[in-house]
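Peer 1: Starting off with a structure, shown below.
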Amino acid sequence: MEKVLAIVGPTAVGKTNLSIDIAKKFNGEIISGDSMQVYQKLDIGTAKVTIEEMQGIPHHLIDTKTIHDRFSAADFKETAQKLISEISQRGKLPIVVGGTGFYLQALLRDLELGGSNEDRNQIEAIRTELNQKENDELLSILKTIDLATYENIDRKNRRRIIRAIEVFKVSGQKMSEQQMQPTAVYDDLLIGLNTERSILYQRINHRVNMMLDAGLENEARWLFDETKVPQANKGIGYREWQDYFKNEKTLSETIELIQKDSRHYAKRQLTWFRNKMDVNWYDIIQNPQEQAKIYQKIENWLGVKNELER
């Protein structure tokens, strides 16, 4: 069974820096587990790792799609599985890093996402029908067929709502039930980063301000001008600008909304990982010494003794 290390947790807790340190110490390559970092030219709002920050560590599933492309959990799972095999064959450690919980669960627990052509044709027909409905109607359908998913889903994420309904209609099984019956396909270790909520929220607010200083408004305007419909336009940090660009919100209201949505997303990320996956949690923000504990945990899992200082 191939080994896979995953670094998970909410936004703004230091996953990127830790993953690069770990990759350097344990001969790893990094696979992005973020649903937005696949998109080219969306660098600021996705907090995409820079070439300098990579420090020569190979990174995968970054800048592989245009903003007009769809990128689903099924696409991620299929591509990441191939990457894991290739990285393992090179004698390196695959390290999946990100906060998109469903993508990671689909990969590590082999969730059935409708991979056959027949399934995909059926999904397309269902999706066409569902796309004609208003959000309130979709939520009502989801509440009827899968209350557990309804209670935890992001009400603003139309794509995820439709996906949850599709799963039920194609498989006859609730998404929430499917996620409760995981099948391990890798020898995986999940390292989770988190910190005290007030500190986390301060870091999120600060990160949004840094994104604004780096040019987030211009990046979002470019995306808005390019197209009004793609999946990429639905991400946090981008979707909030639409009313501002239509002169329906002020700049300060838009910034406040991005910060609010980001905080809510972080809360949902934590809930997901705590409820759906077996994660080993650490707080390296308040307790930097815990990073050494993470290295020890990885060493024990790998069954090797790795020199921490090289």
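Glycine residues also receive a Cβ, built from the backbone N, Cα and C atoms like all the rest.
For Gly9, Pro10, Thr11, Ala12, Val13, Gly14, Lys15, Thr16, the entry in Swiss-Prot reads ATP binding site. Sequence annotations record features per position, and here Swiss-Prot assigns substrate binding site to Thr11, Ala12, Val13, Gly14, Lys15, Thr16 based on sequence analysis. Feature annotation from Swiss-Prot assigns region 'Interaction with substrate tRNA' to 34-37. The site 'Interaction with substrate tRNA' annotation in Swiss-Prot covers Thr100, and the record cites sequence analysis as its basis.
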Peer 1: For the region 'Interaction with substrate tRNA' (34-37), give me same-chain residues lying six or more residues beyond its boundaries with a C-beta closer than 8 angstroms to one of its C-beta atoms, as numbers and ranges.
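Peer 2: Hits for the region 'Interaction with substrate tRNA' (34-37): 45-46, 48-49, 61-63, 71, 76, 97-100, 103, 232, 235.
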Peer 1: Hey, what's the Cβ neighbour count for Gly14 (ATP binding site) at 10 Å?
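Peer 2: So the Cβ neighbour count for Gly14 (ATP binding site) comes to 18.
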Peer 1: Check each residue in the chain of Ala12 (ATP binding site) that is at least six apart in sequence and keep those whose C-beta is under 8 Å from its C-beta; list them in sequence order.
Peer 2: Ala47, Leu200, Arg203, Ile204, His206, Arg207, Ser262, Ala266
Peer 1: What is the average pLDDT across the region 'Interaction with substrate tRNA' (34-37)?
Peer 2: 93
Peer 1: How many Å lie between the Cα of Pro10 (ATP binding site) and the Cα of Thr100 (site 'Interaction with substrate tRNA')?
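Peer 2: A Cα-Cα distance of 9 Å.
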Peer 1: Residues near the substrate site, Thr11, Ala12, Val13, Gly14, Lys15, Thr16 excluded, by Cβ within 8 Å of the Cβ center?
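Peer 2: Those within range, site residues removed, are Gly9, Pro10, Asn17, Ala47, Gly99, Leu193.
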Peer 1: Excluding Gly9, Pro10, Thr11, Ala12, Val13, Gly14, Lys15, Thr16, please set out which residues of the same chain place their CB within 8 Å of the center of the CB atoms of the ATP site, keeping sequence order.
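Peer 2: Same chain, not in Gly9, Pro10, Thr11, Ala12, Val13, Gly14, Lys15, Thr16, Cβ within 8 Å: Gly99, Leu193.
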Peer 1: Residues with Cβ closer than 8 Å to the Cβ of Thr11 (ATP binding site), same chain and 6+ apart in sequence?
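Peer 2: Sequence-distant Cβ neighbours: Ala47, Gly99, Ile204, Arg207, Ser262, Tyr265, Ala266, Gln269.
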Peer 1: Given the binding-site residues Gly9, Val13, Gly14, Lys15, Thr16, which one's Cα is the least distant from that of Thr100 (site 'Interaction with substrate tRNA')?
Peer 2: Gly9
Peer 1: For Pro10 (ATP binding site), what is the tally of other C-beta atoms lying within 10 angstroms of its C-beta?
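Peer 2: Step by step: centre on the Cβ of Pro10 (ATP binding site), count other Cβ atoms within 10 Å, giving 27.
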Peer 1: When secondary structure is assigned with DSSP, how many helix, strand and coil residues does the region 'Interaction with substrate tRNA' (34-37) contain?
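Peer 2: The counts are 0 helix, 0 strand, 4 coil.
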